[in-house]
Structure formats: structure tokens, C-alpha cells
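**Student:** Dropping the structure in here first, questions after.
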Number of protein chains: 2
Amino acid sequence: MADSPLPPGSTIGILGGGQLGRMLALAAAKLGLDVVILTPDEDSPASRVVKKTIVATYDDPKALKALSRLVDVVTYEFENVPAAAVEQLAALNVTVSPDPRALAVAQDRVDEKTFLNTAGAPTVAFAAIDSAEALAIALAEIGAPALLKTRRGGYDGKGQTWVENAADAPAAFARLDGAPAILEARAEFVRELSVIAARGRDGEIALFPLAENHHENGVLRRTSAPAPVGSATLEQAERIAAQVMAALDYVGVIGIELFQLTDGRLVVNEIAPRVHNTGHWTQDGCVTDQFEQHIRAVAGWPLGSTAATGHVEMTNLLGEEAADWPRLAADPEARLHLYGKREMVAGRKMGHVNRVRPLERG
Amino acid sequence: MADSPLPPGSTIGILGGGQLGRMLALAAAKLGLDVVILTPDEDSPASRVVKKTIVATYDDPKALKALSRLVDVVTYEFENVPAAAVEQLAALNVTVSPDPRALAVAQDRVDEKTFLNTAGAPTVAFAAIDSAEALAIALAEIGAPALLKTRRGGYDGKGQTWVENAADAPAAFARLDGAPAILEARAEFVRELSVIAARGRDGEIALFPLAENHHENGVLRRTSAPAPVGSATLEQAERIAAQVMAALDYVGVIGIELFQLTDGRLVVNEIAPRVHNTGHWTQDGCVTDQFEQHIRAVAGWPLGSTAATGHVEMTNLLGEEAADWPRLAADPEARLHLYGKREMVAGRKMGHVNRVRPLERG
């Protein structure tokens, strides 16, 4: 790919057809860029806002070849894109941004935490687990209760279980059906923060203001941003984001979930090499939102301003909550974003609402 | 059509594939609504942000029938949709919003001004012209110089000519190739304002703050909003918008171009039964923008808040000016909107830039 930015009229391929792909496509359109979606879903949220969708599995060689002919760069909207897909795209001389290394570390929780620690980003203590015996040994070292998760797959609280004590270890390991796992020490955190950051093709970095997040049953419920944080916290977050992105030669937006511990330190919970649910507030609270920022980065454009224009409380609409749209549409305080999903499955992310109030001047 | 609002997942048909259709489609997507475009253009700006486009002339019976099967309501993005098209849609029991009566009055400058005066909205003096003799008589009554325009067609300053004096009348009439015309008195205006207003299916009305506009060579160059206006001016604008929309049983967003005369009075220059270039500032300056507002209205949703969140200066990017995108993309003060047009034809509207600053608190 040339070093110069992709001009308007260029085409970005997106692997994945969910709401993140949809909002990325809408942001690309604002900048005069076209999008082609590759998704196995016949009727995806993203496919309805682009002219061209290739419906195929992500590692379908024919589909990837067809995609490569249509696009100037490829990005992805979720981290479980098969490695085979990005390898094939690389073989076709297609630039994939963020670099597939980010996918590799995000797809395996042990690799992820190992990478993070190597990059200088602190995490909770952890151990790779491949047997009930290994779990017992790790539990003795890390301490109970601790969280046992599959190394791969799982999101929104799926594929994880608490290990309450040593006696519970065999049963806990069995609950994951023998999948390779990671044991994570419990983080004694006072709040969950996230930093949404971007790195351009030239290495330029821009952080959005930090967000404070509230999960319920493993699913993001609410984000409040900009979060009130002191300079020490902000400096930690900036250092973590810079270290992680530099180590991955990252291009695009990244979501970094953080725990703030009782002593004020930040540890990384996980990273998502993509736009992130905890960054949806930027749509109504920042000069540039995370979707436009990601498109700017992968298209080689300069990053946009991440300055906050308001204080936002973002609430996810899960499952049947989206049926409340008539009330939300009538609420002058609510900025409604719906994803066009056909069925209100329980727990499914159907949309979100941003409520904006003026920034506190401090 | 049912009286209840169209639920997310419903489909809106848009006649026209230009930038206004494109931005309407993007706004619909945000609300979880799908869009089908009908346009004769094989590769239109709007078609690239929707899954389904019907490429046909606007009055193609087969195309209109196909459209009618796909959509829950039809709207349009330009006022020169042939009457035959909307008649066919009506015969197919498709609701067209705004009501085709708005199209009829907007397509003929004599009908438009006659309608406006009847509705109680003042205009400059005018006369229908169908011969050089009629022009001479009207000129004597209205006074020279006056503006001679074709009754139908023409936009952005095309199809019009000044008549400087009585001697010039035959030549002026000849310059319009004998087309049916209108002679308009010169408005001694101090500024050009516009009001972008919306009316919901239930008759609810919402006005955006007034905008002040600067045209060059008949083409909009720059909009500044909210315009500083006194309460008397605002009341005039509100009354005009309310009278015009009520008289048309209007549903959707309307653009009303106004001249403010030296004595402070507002007269209507023209109305556009659609979203309007002088409303693009709302994308970065209001809680709800004009595109979402139009979609809300035609979908039977409650109107959104039109409160200003900032002061915006909107500048159109015409023709080769769009080649300046790298500089604009790097300017943290510029919010860039590009339309995805393939060729930078001289004078063509390629995009716009909104520059936002905090509202003056008065």
C-alpha cells in the first residue's frame, strides 16, 4: 500500500457484519469512502448500509480473493477473525489494519496477558491451565477465589467461571469442558475504566478521554465519560496505551479495558483490537468519534481531534429493552442509535442511547 | 399507512440518489431503518450507502411497482420528481411524504409564489411571463431591474437573467429560449436567511435556529448559524414556516429561503420541500440534525430536539475545492463531510465543512 492517505472514493473492506461494522461503514461514508463487508451472515446489520457485501466464511479463499480485488485496505470489527483469513489476505498483498499480530494476541488470553506484561502493561497475576492438576497448583499460588476462563473464544461473560476454593478446582475445570484455560487472580478494583485510543499509520497517537464502565452479568451496561480521573491515572492510561500500540505497530482504534485497584494503580483486563462498546459515547461527546477515527487511521489519514464536547452517559439496549424505542425516540435528552438487528434475542446488543450534558468546567 | 410510527427494521424509499439522499440514508441507518434508493444514476452517492438501489427513471412504472413492494413509505431528496411518479405511487397505495402537493408548488415558480401569498407568506412582487410583450408590461409595473426566471427547472442560479430596463426586455426574454417565465421584483435585502423546519405526522412543528446564508453566482457558498436575530424576526420566520407547512399538510423537513428587507421584514425567496443545503450545519450544531429530523417525520416518529449545541460555519466544497481534503482532514477545527462523488466537476457540490465554536451565551 502506498504511504499516501487513501483518497475519497477508495474502498475499505471490513471483516464482520455486526453493529461495529455498521457504524464503521457509516463513518467511512461521511468521509467519502466506500465499504465492502465480508460476513457469513445473509442479512447483517452492516450489509444494509453498504452497496456490496460478500457473504462467505471469513477464510473462504474465493471470497477473500474477491474482496482483495475490491478494496484498498482491510480492517475488522471483531477479534475472532480466523488467522487463516488474514494470512490469505497478506498473501494477496492486501494491507490488513490493525496488523494481524493484534488479532493473534487478542484471541488467546494467555498470549494476551503475556504480551501485555512484556510490553510493560500490568495485568493481574495469571497462569495457563491445561489440567485440573495445573489449576490446583496455580490456585495455590494466585489465591482463591480466582477466575477461570477459556484461553480462546467467549465474550460478554461467556466461557468463564469462578473457582471459589481448592476443593472446587476439579469441578470448575470440568465446567469449561477441558478447554485450554487461564486462571486470573481476582482484581480488587474500585472501578472499571477503559481507554479508547488510536494510532495512525505515521505513529501518531490520540487518546479519547477515559470512560468509566459498569458491567452486569459480564455484559457492558453503562459507560460514563469523560470519567473524572486525576493526572496520575491519566498518565498511567496514556503510558499503557502507548506501550501496547507501539509494541504492535498498531494502526487503528484499540479498546483497552482497565481495572483501577484500591491503591490507584491501573491493570489491563483485556484489549480489543477494534472499535469498542465503551467508546460509543464518543459519537455524541467528542469532536471525532471512534468510528471515524478508526477509518481515518486505517485509511492513512491524520487522526481527528478527540476533544470532548459534552459529558455522555451511554446505556446499552439489550434484547427486549430495544422495544422501548418509542419512548426513547420521544425523549429529547436521548440520542438513540439502533443497529437494525431483526430479532430482540435476550441479552443481545440491539442499540444504545447517549445522554449528553454540558462538560463540567474544572 | 398506519398511524403508528414505523418500527425499526421498516424501509424508507427515497427518490433521488444525490448527497441529500445519501445523508438521509445515513440518518435512517442510525435509527435502525433501512432505505431503498430509486435513481436513474448507475453509481449514485446514495446508492453506495444502501443495500438496495433501483436504477430507473423516476416515472418507470415497473420500477415504481418494485419500489412499492419494498418500502413502507416514500420520500424524495429533490423537488423535480415528475408528478407522474408520485401519482403512480399514490395509485399503488404508497404514502409519499412530504405530500406531492409540495412538489407541485415547488416545481413552478409562479405556482410557488401564488401559493405562498395565499398561505399568508409574503414574497416579492412577481408576474407570470409568457411573451416579450407580457414582460414589458410586467416590468413597467414591478420596476427595473427585475429578475426573469424560467417557471420550471433551473437551480443554483441556472435559468435566470436580470432585466436591466425596458429596452432589454426582448433580449432577456429571448435568453430564456421562450420558456414560460416569472418576473420577480428585486428584493432590497440586507441579508439572506433560511429557516429549516419540520412537521410531524401529528402536526407537531419544530424549527431549527435560523441560518444566515451567502450565495456566490447563485450557488450557496457559506451558512452561519444560529444567525443573530431579534424576536420580531424569529416570530416572522416561525409564522411563515407554520403557515406554509399547515397549508400543505406537510410531513418532513422543509427549507425556506428568506430575504430580510431593509425594514426588517422577511419575504420568502423560495421553498424546497426537502432537506436543504442551508441545514447542513445542523449535523454538527444541533441535538438532532435535519436528516434525522426528516426521517423521523416521514416515519411517523416524534420530532427530535432542534436545540443548538454550537455555532457553526458551514462552507460548501465546490468542484476542485474538494481536492483540498488532505488539509481539511488535518484541521482539528473542520468537520469534513464528503459525498462520494466520482468527479470534481466545476461548481459541483462535492462536500461541506462545518466549523464549530461554542455558542455565545446571551
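Including glycine, each Cβ sits where the backbone N, Cα and C put it.
These numbers come from a predicted model, not from an experiment.
The ATP binding site annotation in TrEMBL covers A:Arg109, A:Lys149, A:Gly154, A:Tyr155, A:Asp156, A:Gly157, A:Lys158, A:Gly159, A:Gln160, A:Glu192, A:His215, A:Asn269, A:Glu270. Annotation source TrEMBL lists domain 'ATP-grasp' at A:113-299.
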**Student:** Can you name the residues of this chain that are 6 or more positions from A:Gln160 (ATP binding site) yet have a C-beta less than 8 Å from its C-beta?
**Tutor:** A:Leu147, A:Leu148, A:Lys149, A:Thr150, A:Gly154, A:Gly218
**Student:** If you run the three-state DSSP split on A:His215 (ATP binding site), which class comes out?
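**Tutor:** Going by the DSSP assignment, A:His215 (ATP binding site) falls within a strand, counted as strand.
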**Student:** List, in sequence order, the same-chain residues at least six positions removed whose CB sits under 8 Å from that of A:Glu270 (ATP binding site)?
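**Tutor:** Same-chain residues close to A:Glu270 (ATP binding site) (Cβ under 8 Å, separated by 6 or more) are A:Ala106, A:Arg109, A:Glu112, A:Ile256, A:Glu257.
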**Student:** Indicate the candidate from A:Lys158, A:His215 with the smallest number of other Cβ atoms within 10 Å of its Cβ, considering only these binding-site residues.
**Tutor:** A:Lys158
**Student:** Sort out for me which one of A:Arg109, A:Gly154 has the most neighbouring CB atoms within 10 A, since those are the binding-site residues we care about.
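**Tutor:** Most Cβ neighbours within 10 Å: A:Arg109.
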**Student:** Please work out the mean pLDDT for the residues of the domain 'ATP-grasp' (A:113-299).
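**Tutor:** Here the predicted model's pLDDT, averaged over the domain 'ATP-grasp' (A:113-299), is 95.
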**Student:** Per DSSP, A:Glu270 (ATP binding site) is which: helix, strand or coil?
**Tutor:** strand
